[in-house]
Amino acid sequence: MDEFESTKLSKVQFSTSVLSTPSNEGNNLIHRFKNSFKRNDSPAIQEGLLYSELSEEEKIQWDLANQPYKKVLDQRHLTMIAIGGTLGTGLFIGLGESLASGPASLLIGFLLVGASMLCVVQCGAELSCQYPVSGSYALHASRFIDPSVGFSIGINYLLMWLISYPSELVGCSLTISYWAPSVNPAAWVAIAFVLSMLLNLFGARGFAESEFYMSIFKIVALFIFIIIGIVLIAGGGPDSTGYIGTKYWHDPGSFAVPVFKNLCNTFVSAAYSFSGTEMVVLTSTEARSVSSVSRAAKGTFWRIIIFYIVTVIIIGCLVPYNDPRLISGSSSEDITASPFVIALSNTGAMGTRVSHFMNAVILIAVFSVCNSCVYASSRLIQGLATAGQLPKICAYMDRNGRPLVGMAICGAFGLLGFLVVSKNQGTVFTWLFALCSISFFTTWFCICFCQVRFRMAMKAQGRSKDDIIYRSTLGIYGGIFGCILNVLLVIGEIYVSAAPVGSPSSAANFFEYCMSIPIMIAVYIGHRIYRRDWRHWYIKRMDIDLDSGHSLEDFEATKLERDEDKKYVSSKPLYYRIYRFFC
């Protein structure tokens, strides 16, 4: 973008930012409620003068930077979304299948994926603080790599959330059926569906408040388990047989054979457990302060250490990897396969007392994922549509900042949850998930690579690092390391899919885990054919747009806030500066 175009866009940003969105007319409660669903027209469209002078690409960038979301999310919301978003069935139940590969394999797998996740969140926070747009991952890829890459990543990531929604609704139903097996499971699907949609109809505040309290419940439950686990390892407990320590690391051992293949087998389970951590970056458009996003991202290190690594070590000490109950669960929500329940049941009566509590924890965890699916998918749909990558109708926003069309599309996918009454629902969801099986790794790679490209473009165009609102603690090297690590994780997953542990190779098994790769390639090629662009395979560093994508006034205010915070932290004692470095 040349100097004239940059100045023109800045004028539009400044002149339109002072205009306010039209308020709901009338004082009648019913009238206000009805009006809240009307389209939230952009201030630029109302003024129309300078906006009409922009090119189509500039209009898209302006619309992305000025989306009419309500900035209602506080620091406490973002922190709990970042923590609670990852505490789901992947941790409470899925950990069991990974433990069957051996406690050392489980620990190494979680350390590798955790290191990748740390890089991803830091890179994502840097980009989202700089360019706070809805559907940020896909749109950042379109800005820093190539529009076709961005479209492919965006569709794949969106599919992951849309397909997860009905699956988690089924999970809610199966979990509740533990207490009421005689009730038609479709009834529980309907209740979970209505509740999750209603919470999101209250906007970002409704989603965030519900996530806040559900996350507190999950965190308390996990802390209780950690404390009980430490006591049991030390030889305490009502029916203790003495000190356990690392007994099961020696017999039956630390690694299941074959070692490397079992290690690779833990990657997808670990990724599924960590998935959702990056969602805190999606909230940047609705956060009261950009600094809240950066603070939440910084805390990722401690969340990984406390909630995953410590838990994995305790589970590995309390449950032998050859326990048949680890892989005997009838579904991904079967608490009998939960290593938490197995660990406590190994002590005698405690296991029967805790099963109902653990089922409640799993129910909260599964419903929390349902809630997140509606929130994340609707924002992704709205962002992609605003960027011109989906039909314009999908960009519809009402006056309360709710992407109603995006929510409706997610709700339509949610109706697949009623397949719970079908005998073939397991097969259906297995192949639906195959559509986005390892999209975790491809999305995470893309986030890290975008940050690397952003830093390279800043250097190539002679920009100062002071212009970066929030700099990743790991710098560009964290992005490079994250890229390499995610490529290795994908290679490991392809290997174990082609030659699975304990069963012969088959095309069905391979595509169950790797179908997303050819689908992403097909979407990429299809978008490139649609664009009819075969000359430019990537955006050159000098051509990357570093200026648009944020409101000028908000950008300057955020820089001022950042500088004041730096001065405040530098005036504090050493212990506080260390604390703020990590948190």
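Each Cβ is built from the backbone N, Cα and C atoms, and glycine gets one as well.
Owing to the predicted nature of the structure, the values given are computational and were not obtained by experimental measurement.
Just one residue in Ser23, Ser36, Ser328 has phosphoserine written against it in Swiss-Prot, and it is Ser23.
Relative to the membrane, Arg453 and Leu560 are recorded by Swiss-Prot on the same side. The listed stretches are 102-123, 144-164, 255-274, 299-319, 474-494; of these, 144-164 has the most Cβ pairs under 8 Å to the transmembrane segment (403-423). Listed by sequence, the residues of this chain that lie at least six past the ends of the topological domain 'Cytoplasmic' (275-298) yet keep a Cβ under 8 A from its Cβ atoms are 67, 69-75, 77-79, 81-82, 85-86, 88, 90, 117, 120-122, 124-125, 127-129, 132-137, 204, 208, 369, 372, 376, 379-380, 401, 440, 443-444, 447, 469-470, 473, 558, 561-562, 565, 581-583.
Simply put, out of 78-96, 102-123, 183-203, 255-274, 506-526, 102-123 has the most Cβ pairs sitting under 8 Å from the transmembrane segment (474-494). When DSSP labels each residue, the topological domain 'Extracellular' (97-101) comes out as 3 helix, 0 strand, 2 coil, counted as helix, strand and coil in that order. Through the fold, the transmembrane segment (183-203) approaches residues 70, 72, 169-170, 172-174, 176-177, 210, 367, 370-371, 373-375, 378, 400-402, 407, 411, 414-415, 417-418, 420-421 of its own chain, all at least 6 residues removed from its boundaries and within a Cβ separation under 8 Å.
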